[in-house]
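Trainee: I'd like to ask you about the structure that follows.
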Amino acid sequence: MIKAVKQGRVEFVTEMLKACPDLVWCRENSTDRDLFKLSILHRQDEVFRLLCRSPAKNPKFALVDRDKNTILHFAAMFEPSSGSRSSFSYAKRSTMEVESIVPPSKLECINTNGKRPRELFTESHKVLVKEGEEWMKGTASSCTVVATLIVTIMFAAAITVPGGNKQETGLPTFLNEKVFMVFIISDALSLLSASTSLLMFLGILTSRYAEEDFLDSLPKKMIVGLSTLILSIANMMITFCASLSIILPGKSRVVIPAICLASVPVTLFTCMQFHLLIDMVISTYGSRIINKKAKESQEAVDLTQYLDKWYKENPNISPPPPPPTFFGVNAIKAAIYSHPTISATKDLKPIT
């Protein structure tokens with residue numbers, strides 16, 4: 001069961017919990033870590049969401065392992081084996097989400113190494129912050145060069161329009177042509193989008209690269225910068241095709257193949273950057289390890305507050321025995337009542 005949680009085998013864990021619900025209470029003997037902590041440590045989001053459906057999460061969130069690490073400490077740890085889940089933005093968001101569901105008194109707990117969760121997060125993610133800064137600067141620098149070239153070309157194309165200007169009025173020769181309007185509109189869109197992209201990438205290069213910047217500011221600037229850069233390249237190719245149509249009227253044998261070839265660089269660049277763009281959008285706006293729709297009952301909240309208070313008053317007493325099932329908070333309350341060191345009439349609401 002523990003190995004399945006570490007490896008993220010959701011189907012196996014689901015079937016095992018259906019067959020034997022008591023398995024939700026099992027833990028790793030060598031470290032005293034339960035399934036909740038292991039799923040967070042190994043970044044197994046689906047498994048953690050599955051376990052959070054159980055009311056057992058409330059007492060488990062109040063427990064610590066042998067090194068006095070809370071579940072928030074595990075969220076703050078860096079696990080190299082997490083693969084694609086090892087981005088700083090993902091780690092920061094995961095930690096913030098776990099922080100929102102743990103008891104308030106566990107936010108500043110100190111482990112045996114004298115580290116609070118926030119201190120542990122900063123220390124263990126120094127390498128990720130450095131790598132993220134280098135990647136952001138490298139990508140922004142490369143894209144800045146491309147955006148600058150597009151701005152220069154599109155500005156020059158707007159001044160020197162195809163066909164030139166009339167000597168009498170100074171107006172463009174093909175002003176009344178529909179293709180010319182396509183040329184002007186696409187040129188303006190390319191220029192504006194490239195300028196926006198350039199400003200976004202300059203904002204990235206001049207950022208201070210603090211932890212908070214990786215959470216919202218830098219990803220959003222990168223998303224806007226890449227999106228507008230792709231848009232500017234597409235409009236630049238449209239401008240080029242419209243210019244050919246104006247210069248070579250009636251030469252469809254030349255214009256049509258040129259238009260087809262012009263779509264190649266746009267397609268290639270979009271394909272290369274599309275997956276990066278989608279990953280950044282998902283990690284910035286859609287990365288959630290906790291189901292926000294799942295609301296805790298007042299009964300579960302009362303139990304969590306009681307357990308938190310009990311463990312603070314009785315730090316040297318072993319935790320209450322696990323209940324016979326994890327389907328229902330009343331079973332957990334019954335198990336707590338049965339513990340000899342707890343008074344059944346103290347602070348806890350009666351079982352209904």
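In case you wondered, yes, glycine gets a Cβ from its N, Cα and C as well.
According to TrEMBL, the domain 'PGG' annotation covers 133-246. Here TrEMBL flags 140-159, 179-202, 223-248, 254-278 as transmembrane segment.
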Trainee: Taking residues 6+ outside the transmembrane segment (179-202), which of them lie with a CB under 8 Å of any CB in it?
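Mentor: Long-range Cβ neighbours of the transmembrane segment (179-202): 140-141, 143-144, 147-148, 150-151, 154-155, 157-158, 161-163, 172, 221-222, 224-226, 228-229, 231-233, 235-236, 238-239, 242-243, 245-246.
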Trainee: Using DSSP, break the domain 'PGG' (133-246) down into helix, strand and coil residues and give each count.
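Mentor: Here the numbers are 91 helix, 2 strand, 21 coil.
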Trainee: Can you name the far-off residues of the same chain, 6+ from the ends of the transmembrane segment (254-278), with a Cβ under 8 Å from a Cβ of it?
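Mentor: 223, 226-227, 230, 233-234, 237, 240-241, 244-245, 248.
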Trainee: Residue list, the transmembrane segment (223-248) vs rest of chain: Cβ under 8 Å, 6 or more residues beyond ends.
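Mentor: Apart from its flanks, the transmembrane segment (223-248) reaches 140, 143, 146-147, 150, 153-154, 157, 162-163, 174, 177, 179-180, 182-183, 186-187, 189-191, 193-194, 196-197, 200-201, 204, 254-255, 258-259, 262-263, 265-266, 269-270, 273, 276-277, 280-281, 284.
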Trainee: Looking only at the domain 'PGG' (133-246), report the model's average pLDDT.
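Mentor: In the predicted model, the domain 'PGG' (133-246) has a mean pLDDT of 89.
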